[in-house]
């Protein structure tokens with residue numbers, strides 16, 4: 001028992017020392033100075049002294065000013081979400097003391113202070129409220145390099161940072177509190193190792209400004225290469241570690257029971273030295289044991305197999321695939337909503353029995369696709385394979401698919417132009433990731449409104465990518481005898497000659513943009529009274545006649561920016577050009593959508609004369625040539 005107490009006591013101090021040394025981010029701006037004991041110094045001391053109590057009184061966030069120009073002092077303080085009032089107060093008192101001690105005569109400074117939690121304090125002689133502060137930069141990381149599995153780890157890293165940026169910059173709380181612009185996340189790197197990360201912005205920022213600040217923080221550091229670090233500016237902070245850190249991950253720092261004796265400075269130093277020796281010895285021992293194990297044991301299972309769910313868990317989550325939980329059905333199988341024991345919601349795709357893959361292939365390909373993570377892609381959480389069952393598990397997206405809003409008269413009113421534009425841009429970003437930025441090159445081949453899911457913030461997420469490998473469809477990279485996809489979205493060269501490329505997705509994207517603008521389906525446009533054989537020819541006719549805004553959904557009632565809508569129609573018509581070489585790629589499309597300084601080419605007629613002979617057979621189909629999603633994946 002006595003030995004256990006000593007070990008617990010040693011562990012307590014090891015943790016404490018690691019936390020104290022983890023980050024120390026006081027940054028004094030050297031652009032201005034004041035004279036000690038003058039009015040500015042007095043005002044600074046007064047407002048920093050009261051900062052802790054003010055932040056607690058205002059539920060975790062506070063900003064104010066004191067004095068008159070040129071001795072006016074502006075201040076801001078906050079604690080991360082969930083911090084107890086006393087802990088928040090203690091942290092901010094430490095932060096205020098550090099600022100005054102380490103920045104004795106600077107007129108501007110800030111600190112992100114880890115003291116039982118993470119808190120922030122900033123002061124300046126000029127107002128900074130609602131302004132993004134990107135100077136001075138503070139960046140620190142450990143000296144421990146990560147040297148193995150870098151490709152795999154950086155894939156996880158990119159997905160984690162994208163997800164955190166999206167979550168942290170979500171404007172889900174309208175009040176200026178510490179709950180706004182804050183996200184913490186734990187992600188599996190291996191079966192035995194996690195990465196812990198936190199992002200937050202000061203709550204006074206606009207949503208876009210927060211995202212830009214965090215994006216700059218991520219790009220400032222680059223890929224995952226050190227075991228821990230922090231990047232901070234006056235307006236945002238990004239911290240990560242391979243071990244949980246205090247405040248964000250519910251750690252506590254209370255000494256072991258019975259250890260109430262006072263500790264001398266000498267004893268503390270002895271503990272520090274002993275800790276260093278113990279860590280060195282243990283590290284060496286671990287390396288030796290691992291090396292021996294590698295020589296004698298078979299290779300450890302890849303981290304990807306942690307993605308596997310057992311069938312009982314899936315059946316319990318979906319009430320044994322109850323029809324009342326069914327979300328939809330396609331060529332590859334049925335999709336159900338599920339709720340796991342911890343209350344988290346999932347979407348379950350139960351694949352049909354036609355898949356030709358074996359167990360190992362299914363595991364490998366699913367794990368490969370699961371690494372493809374982006375804020376505008378539906379996340380693949382894992383799989384289940386028992387007996388004849390092959391099941392994919394996805395994140396659950398609450399607002400279902402775009403088509404259920406866009407083409408439903410009672411719901412389309414919820415899609416104002418701002419939301420539609422966000423969906424257009426977000427979808428483009430998701431497809432760009434698949435085409436260019438993912439570890440694989442992916443051609444979706446069934447991009448349509450029903451494959452664009454909408455989250456709680458109406459942020460678009462591209463669904464059903466990666467199924468070609470998982471389902472083992474017989475296809476080649478450049479052409480296929482089996483035309484797959486949904487009628488109305490298929491490019492001419494693919495439909496007539498079986499040739500597909502990234503430009504096939506661009507064509508589908510152009511059709512989708514026209515649908516989003518008009519609120520009309522291209523696939524059954526021939527059934528309407530509108531002039532034109534389909535939505536594409538109808539849009540071209542209005543463009544040619546100088547009346548493109550006639551295409552706009554009447555539900556919008558002129559509540560849109562004409563120039564922005566006009567530009568989107570222009571881009572859509574460029575995407576549906578007959579010649580694939582004349583269609584822009586997704587990176588160009590995003591620049592066209594987000595920058596008015598780019599001059600757009602003049603579109604040519606998108607009407608493909610040879611298509612008429614194919615239209616009767618297409619129109620006779622109830623939903624698609626193959627209602628499933630097929631895509632093409634090519635290792636980079």
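Positions of Cβ are set from backbone N, Cα and C atoms, glycine also.
Per Swiss-Prot, the features are:
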- 446: active site, proton acceptor (ACT_SITE)
- 26-128: domain 'Gnk2-homologous 1' (DOMAIN)
- 138-245: domain 'Gnk2-homologous 2' (DOMAIN)
- 29: N-linked glycosylation site (CARBOHYD)
- 63: N-linked glycosylation site (CARBOHYD)
- 105: N-linked glycosylation site (CARBOHYD)
- 125: N-linked glycosylation site (CARBOHYD)
- 149: N-linked glycosylation site (CARBOHYD)
- 173: N-linked glycosylation site (CARBOHYD)
- 185: N-linked glycosylation site (CARBOHYD)
- 188: N-linked glycosylation site (CARBOHYD)
- 250: N-linked glycosylation site (CARBOHYD)
- 262: N-linked glycosylation site (CARBOHYD)
- 394: phosphotyrosine (MOD_RES)
- 450: phosphoserine (MOD_RES)
- 486: phosphothreonine (MOD_RES)
- 494: phosphotyrosine (MOD_RES)
- 1-25: signal peptide (SIGNAL)
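Mapped onto this structure are the features recorded in Swiss-Prot.
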residue: 63; record: N-linked glycosylation site; Cβ neighbours (10 Å): 22
residue: 105; record: N-linked glycosylation site; Cβ neighbours (10 Å): 14
residue: 125; record: N-linked glycosylation site; Cβ neighbours (10 Å): 22
residue: 185; record: N-linked glycosylation site; Cβ neighbours (10 Å): 19
residue: 188; record: N-linked glycosylation site; Cβ neighbours (10 Å): 13
residue: 394; record: phosphotyrosine; Cβ neighbours (10 Å): 21
residue: 446; record: active site, proton acceptor; Cβ neighbours (10 Å): 28
residue: 450; record: phosphoserine; Cβ neighbours (10 Å): 22
residue: 486; record: phosphothreonine; Cβ neighbours (10 Å): 26
residue: 494; record: phosphotyrosine; Cβ neighbours (10 Å): 24
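In the three-state DSSP scheme, residue 494 (phosphotyrosine) falls into the helix class. Residues near residue 29 (N-linked glycosylation site) in space but far in sequence (CB under 8 A, at least 6 apart, same chain), listed by position: 106, 107, 108, 109, 124, 135, 136.
Among the recorded positions 63, 105, 125, 188, 394, 486, the ones whose Cα sits within 10 Å of the Cα of residue 446 (active site, proton acceptor) are 486. Distance from the CA of residue 394 (phosphotyrosine) to the CA of residue 185 (N-linked glycosylation site) is 18 Å. As a summary of secondary structure, the domain 'Gnk2-homologous 1' (26-128) carries 36 helix, 36 strand, 31 coil according to DSSP. Of 188, 394, 486, all annotated as recorded positions, the residue with the shortest Cα distance to the residue listed as 'phosphoserine' is 486.
Reduced to three states, the DSSP call for the residue listed as 'active site, proton acceptor' is coil.
When the recorded positions 63, 105, 188, 494 are ranked by how far their Cα is from the Cα of residue 394 (phosphotyrosine), 188 comes first. Using Cα positions, the member of the recorded positions 63, 125, 188, 486 nearest to residue 494 (phosphotyrosine) is identified as 486. Between the CA atoms of residue 63 (N-linked glycosylation site) and residue 125 (N-linked glycosylation site) there is a gap of 13 Å. The Cα of residue 125 (N-linked glycosylation site) lies closest to that of 105, out of the recorded positions 105, 188, 486.
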